[in-house]
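Feature list (source: TrEMBL):
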type     : residues                                                          : note
ACT_SITE : His294                                                            : active site, proton acceptor
BINDING  : Tyr56, Tyr162, Arg197, His294, Arg297                             : glyoxylate binding site
BINDING  : 109-111, Ser138, Gln160, Thr188, Lys270, Ser292, 325-329, 348-349 : FMN binding site
DOMAIN   : 30-395                                                            : domain 'FMN hydroxy acid dehydrogenase'
Amino acid sequence: MIGGDITDPEPGRDWAAFQYEIYLNGMTGVVPRLPADLTRLEELAEARLGPGPVGYVAGSAGNGSTERANRAALDRHRIVPRMLRDVRRRKLSVELLGTRLPAPLALAPIGVLSIMHPDAECAAARAAAAQGVPFILSSASSTPMERVAEAMGDGERWFQLYWGKDREVTRSFLDRARTCGFTALVVTLDTPLLAWRPRDLDQAYLPFLRGVGTANYFTDPAFRAGLAKPVHEDRDAAVLHFVQMFGDPGKTWEDLAFLREQWDGPIVLKGVLHPDDARRAEEAGMDGVVVSNHGGRQVGGSIGAADALPGVVAAVGDRLAVLFDSGVRTGDDVFKALALGARAVLLGRPYAYGLGLDGQPGVEHVIRSLLAEFELTMALSGHADAAGLTPDALG
Ligand SMILES: Cc1cc2nc3c(=O)[nH]c(=O)nc-3n(C[C@H](O)[C@H](O)[C@H](O)COP(=O)(O)O)c2cc1C
Ligand SMILES: CCCCCCC(=O)C(=O)O
């Protein structure tokens, strides 16, 4: 980092050094292929990939008011920088779900990544592994979990479950995930049905209906057992079966007992916005929650995720791992989420655009830029320990 010297020696990542690297490279004429301002990626991706795929990624439920609320909630909080606090030695690493991470960040589960890049989840997972950041693989990935696991070597991986109607498919997914080395299970609660998404409806663009995002299902023995004919003989019937079973609006809190029995590692519930739901998660023996509104893609008119964060932290934050996503675009957003009590954040759309624009290096650029900016924000605000940020850091 320019003007600094020592950063956290354990586990040895100097995120802010990316700033220096970019300047030095620039002086020799080597310019990064992607901008340092990650909010520019959507526009660049749309110009490159067209309105269908980028419309799917960028789109939201209803008129987009929840996505705007996510930004407004983060923007409303302001950092109050403190001076003269010796921030030479900075620690970004955090303990989360029994693992030491080099930074309070994981890549959010994003389905159907092949609409962004042919190497899809494998490229994103490799990027995450290269940067030491957990990769959360979506149930609705374009690539079977076994191939992604192989591609990412020994990188930290968590599996996101769409908790559908068929118990045997769920059981089979969990068996496969365990065999593939996924350590934590992230169960998404906010998508028992697909929301009203005008941008996709107007373009008649839903990847799943084209058989994209169904790879984990089509390769699954339990899913295949439910089909009258093999997938290759009647693909339309397989797609229809997937659409009918991927979500289950009939689930209740009591059903979590089944998952708790089936999975002995950490389980995190994604899509929790109400403190009472966070308490239910604790009662059900869960290990964490992700405060998230799915990036505004499910309920239009919903509370901004950062507005829901303090209530959930107050309810369970001293006993459960509280993670956060929905709207994170900058290092100062990461800072604010941590100051509000999140232990870590999940990064969503920006890495999908990075993937679409430049494959694995594009995702690495996004991770490194976000964390460099976060580290610099910490240092310049007088904070040396990411895990020690509290609401006092905000005005
Ligand atoms: C294209 C797309 C696909 C997604 N697919 C999934 C998914 O398969 N499972 C899931 O739990 N969340 C999924 N999400 C939600 C993300 O995990 C995350 O909650 C959201 O992107 C956060 O909002 P942000 O990207 O605006 O920050 C998806 C989001 C996008 C944009
Ligand atoms: C019909 C399958 C819907 C999966 C939804 C993927 C997702 O979470 C998102 O698009 O958002």
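Each residue, glycine too, has its Cβ placed from N, Cα and C.
Feature map: annotations from TrEMBL on the structure.
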| residue | record | CB count, 10 Å |
| --- | --- | --- |
| Tyr56 | glyoxylate binding site | 22 |
| Pro109 | FMN binding site | 25 |
| Gly111 | FMN binding site | 23 |
| Gln160 | FMN binding site | 24 |
| Tyr162 | glyoxylate binding site | 22 |
| Lys270 | FMN binding site | 24 |
| His294 | active site, proton acceptor | 24 |
| Asp325 | FMN binding site | 25 |
| Arg329 | FMN binding site | 20 |
| Arg349 | FMN binding site | 24 |
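Averaged across the domain 'FMN hydroxy acid dehydrogenase' (30-395), the predicted model reaches a pLDDT of 98. Each residue contributes its Cα atom, and for Arg297 (glyoxylate binding site) and Lys270 (FMN binding site) these two points are 14 Å apart. Screening the binding-site residues Gln160, Arg197, Arg329 for a C-beta under 6 A from any atom of ligand 1 leaves Gln160. Between the C-alpha atoms of Pro109 (FMN binding site) and His294 (active site, proton acceptor), the distance comes to 10 Å. Within the same chain, residues at least 6 positions away in sequence whose Cβ sits under 8 Å from that of Gly327 (FMN binding site) are Glu67, Asn70, Arg71, Ala73, Leu74, Gly295, Gly304, Ala305, Ala306, Asp333. With a CB cut-off of under 6 A applied against ligand 2, the binding-site residues Pro109, Arg297, Asp325, Gly327, Arg349 are reduced to Arg297. The 10 Å shell around the Cβ of Arg197 (glyoxylate binding site) contains 20 further Cβ atoms across the protein chains shown. Counting in whole angstrom, Lys270 (FMN binding site) lies 9 from His294 (active site, proton acceptor) by their C-alpha atoms. DSSP classifies His294 (active site, proton acceptor) as helix under the three-state reduction. For Arg329 (FMN binding site), the nearest of the recorded positions Tyr162, Arg197, His294 in terms of C-alpha separation is His294. Each residue contributes its Cα atom, and for Gly111 (FMN binding site) and Tyr56 (glyoxylate binding site) those atoms are 11 Å apart.
If you measure from the Cα atom of His294 (active site, proton acceptor) to that of Asp325 (FMN binding site), you get 8 Å. Note: the Cα of Arg197 (glyoxylate binding site) and the Cα of Arg349 (FMN binding site) are spaced 16 Å from each other.
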